[in-house]
């Protein structure tokens, strides 16, 4: 049975991260920002990467249905 990705792994949704982590995309607003940037100011893909981060008390938690039971 497939387990879950460890902390700091690349992810595209909460379900691939472990239950006590969530998939965090620090630059999820980058696409909006890029519209306003000059053509040469490209933001590297590495910065746009989402990764599994620890759940925290600010409500950043894993919302995947498979963990809800």
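Every residue gets a Cβ built from N, Cα and C, even glycine.
If you check Swiss-Prot, you get these features:
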DOMAIN    1-68  domain 'Oxytoxin-type inhibitor cystine knot (ICK)'
DISULFID  4-18  disulfide bond
DISULFID  11-23  disulfide bond
DISULFID  15-64  disulfide bond
DISULFID  17-52  disulfide bond
DISULFID  25-50  disulfide bond
MOD_RES   69  asparagine amide
Which secondary structure state does DSSP assign to residue 52 (disulfide bond), in the simple three-class scheme?
strand
Count the Cβ atoms, other than its own, that fall within 10 Å of the Cβ of residue 52 (disulfide bond), considering every protein chain shown.
22
Would you mind sorting out which of 25, 50, 52 (the disulfide-bonded residues) have a C-alpha within 10 A of the one on residue 18 (disulfide bond)?
52
Non-local Cβ contacts of residue 17 (disulfide bond) (under 8 Å, 6 or more apart, same chain)?
4, 5, 9, 11, 23, 52, 62, 64
Could you say whether, by DSSP, residue 15 (disulfide bond) belongs to a helix, a strand or a coil region?
helix
By a 10 Å Cβ neighbour count, the lowest-scoring of the disulfide-bonded residues 11, 15, 18, 23 is 15
Compile a sequence-ordered list of residues in the same chain as residue 25 (disulfide bond), six or more apart from it, whose Cβ lies below 8 A from its Cβ; state 'none' when nothing qualifies.
48, 49, 50
